[in-house]
Amino acid sequence: MVRSASLPGSSPHKPAADGEPSFFASAPPPAPIHPFPGFRRGNLLRVHMHNFLTFSNTTIVPGPRMNLIIGPNGTGKSSVANAVCIVFGGHPRLLGRTSDLGGFVKHGTHHAAVTALIYDHSVPSGVRSVSRRFDTDGNNEYLLDGQRCAHSRIVADVCQRYDIQLDNLSQFMPQEKIAEFVNLQPHELLTITIRSLGGSERATTFEQLKTLDKHILTDQNELNHLQHRLDNLQEQQRANAEEVDAYRQQQAVRNKLQLYRRYMLCAEEDAARDAYAALLRERKHMEANLNDAKHALHHATSAPVNHKKQLLDAAKQTMRAAKEQSKTLAHPLTRCNNNVETNNTQLRSKHAEYRDAEYKAQQLKKAVQLATAKYERARQQREQVGDVNIHLLDEHIRHIDERRNKVRADIAHHHDTNAAFERDRSEAARNIKIANHQLQQIADVRWGRIKHLSRWKRRPLDQVATLVRDLEKRGVFNGHVYGPVGAEIEVSSEYHARIMEHVMTGDFFITAFVTESMRDANVLLEECHRAIRFRPNVFTSPTTPDDEPDAYAVERQVPARPVDDPLRSLGIVDVVSNIYKAPAAVQSALNAQLNLHNVHVGTERSAAHECIDRMKWEDAVAAWYSPNARMQLVGSRYDRSVRNLSMDNSFESITGRFFAESLFAQRQQRQQLINQIREEEGRMEAAREKLRVGMQRIQELEQAKRQIEAERRDKEKRKAEVKRSEDLVKALERQVEQAKTRAANHDVEGVRTTIRSGIGQLENKVVGAIGDMVDVLEQSVKAIGRVDEAAIEVGCAAGELAAEQRKHESSERQIAEMEESYKEKRAEEKVARRDYKRKVEKAKGVITDEDWKEHAKELSELHSIEPSELEERIAELEGQEQGLGTGGDGMIAHFEQRQRKIEALRREMEERQKRYGSKRERLSREKAEFLSWLNKGIAKMRVKFSSLYERLGCAGDLELINAESDKVGDLALQILVSYREDVGLRAISACANSGGEKMCCTMLFCFSLLLEEERMPPFVVVDELNQGLDPNNELKIMSMMFEDAEKEESPQSFVITPKLQLNMPLKTQTKTHIIFNGMVRGKEEILAAGGE
């Protein structure tokens, strides 16, 4: 129930047919309406919530100034602040509750929506509409003036345009963020103050000044670095200057030495040309002398030698004629010799034929003897075998075959039996395979829950669990690591599953890992960040100061109020720490973190009114669950006798979807499959045993079959041996008869007579051929004698020719020596010519016209000296070059490169100095302007803040610290308070000041920001800012706020409070909204009193 005034000029909202608000449809913007008196640009005109948290269809119509939202705890007051944050694109984490947008959808529904109307006189309709729709799956969309748009457009066209700062605690302060305000650092307080006083523009200016200050510091460091580099380079230049001068002198000597060496090539060319010319003249003179000597020798020896040569040629002609006659007699001699050889060959053939006939007669005789010997041996062996009956052997073989067939039948029978056993074994193996497949499909229950939890919470918890398992195998941890917690917990009922999901609201505990020591927790965080770039939630079970498990602390985790008979009579049945199962370390860690052992579990009766009244006075009972809600007793810090009940109906919307699925069924099915596998394995083992026995019997039968077959082979072998010996005797008898027949058929004497007659005839032919051959030989001897006489004449003529030639040998030797000298001189000439050509090529272009122009004097002087003197001067210059050092072109290049770097650094430093000075000037100008504005704003705030504290009877002040610092980032704002007369002003502290003092400081600081006239926010939302205040201070501060709301410059504000004192002076500009949503005790009486 929400009681508030309706929007002026508008009708009450009616839901559409599908359950969604009618203004959620994509329609044109609202039609023009009359201006709203008292409202400013950016004020909220209406906030509508559909299926949002506990609201089904509710509209809040605020006033232009103070809007006081009142209602008991758990009735949905904070839902209004949550709706304002959600509709303007704020992230759920700004609310400090949950980061899941789907958590704001009402239980039992899937979709939710929030719509806000903003006043803007600059648009034709005067109103702008902003809507946000979302569901439990995390999907959401925005509508601006009825049209879909992106989140970025909401930020640009709405938040930035109307200066809505949801992340500024002075403008939007949810209930869960109030405690953070006092703990803010001074520089964070200053940032909030700047955003509140000057809006986004001044906040941006402040950030730009800090960035510019950082850039100036960076530029200063870079300038110092450049100056250091420049000094180092200049020092290196000064150190290398002397070496560079020495090298330049050496370079001058080297240039002169190169000129001398080049001119030396020209001098060598002239010397080579002169040497070649001299050798050419000598060679031509020797050639003329050699030709004259050869001509004189030829004239003296030509006539006598020619006569001797004619006599020699005549003698050779006579000797050739004799040789031709000798060759004519050679042909008859060859024919005679061939006849003799032919007859001899035929004679040798007849002798060989005679020997073959003799050998054949001997072989026939031996064959008869050998066949007779073999026949006798075979007959003796057959007699040794004795008289064996073949038919008896066949009868024995038949009996053996019958025994073998019987054994084969037994083997076949046993094979059939084993086949049945094999079928049993195969069927058991197939059943085991099927069961294993089903077992794999079920998988590990805990690992399945980890996978489900990773997908649900969208975190790599499965990767962390795998990493933990690997690290434990490597022995990295001292103890065991459990988790995630959601995979370690098991409950037995849906009711208990809802409780566990409620007590572990949020992602921290349900996705956290539990270690048994702080050291293991740190190791786990470091390894996860290094391996998967993710840091999981980790907490530790109770430990001792030595980081060991604390058994004493675990033993102390017992309920402060055990479940006794008085509690059982009120419907309490147990405590939360007993309704779930988990490892001891996980359970002790959860008890230490969430105090689960002191939260009781009840039945529906524990939620009855009479039981609740009695439970208020039961000692050590602070909270308990019923199937529909969670009850909590809240005491007052000022009055110990006051114990109020806070009922959380949101517990009814908890599904328990993660813990509701019991693991017993899966584990039971898994165990059944394991038992089935064991039974089938036993059946398979029995079949294997039977197969083994059957195979053993088959092996025995196979052995018997092999023995029978061996016996049969022996009989067959005996039979074959007898038959073979008889066949052999008969065959050898036939061979003896055949050998005797062949020997009788062969006529040895007739063959001998025929061969001897042929031999005699051939011997007579050989004798006649030899006589013819002797006659031809005598004629050949005579012809050879004539050839010898002609040869003697040739020798005499050759001797006379040689004697004539020896008379002129000395002259020929002299000519040969002259020819040898001529050849040597010609070779020297060729070498000189090649040397001359080579030096001409080397000297070509060595001395150019430019060289003659540049070094005319030196070259003229060198032209007049000898090459030896030039070589001495070159040696002298080489000595000077070596004495001037070992520098090189690299040193000069480095020197010149370093000089160029120095010039470039100087130019760069000049440019950087200009930019640095410009930035310094800009920072000084903008900083002075910004500090002037900031000092004025803080001065006004100081006056208002001090006056507000004076009205409370206390003292307070604001101080801008580090204002004289050169760094803009050092600026900070400090709050100074004093709540006692004997204590001066001092900075507010989270540990030195009480909760009420901190709440009082927070309210007055935010109130003083709201009173600043320079910038007025479109609206301010404060959720239960008065918590922790005593009645006196609460009355004073709330009275100030109501009085300020009467001023014209007061902003639109939403103050949410669960309580309101009866004597609170409400003003005309204060609009009260009473929220009474849900089933709350006393609601019926209040509704009746209000007329509804």
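Here the Cβ of each residue, glycine as well, is placed from N, Cα and C on the backbone.
Per TrEMBL, the range carrying the annotation region 'Disordered' out of 1-24, 457-480, 649-672, 889-912 is 1-24.
Annotated range for coiled coil in TrEMBL, selecting from 216-250, 846-880: 216-250. Remote same-chain residues near the coiled coil (892-926) are listed as 205, 209, 212-213, 215-216, 219-220, 222-223, 226-227, 229-230, 233-234, 236-237, 240, 244, 247, 968 (criterion: CB distance under 8 Å, separation of at least six residues from the stretch ends). Mean predicted confidence for the coiled coil (276-381): the pLDDT average there is 74.
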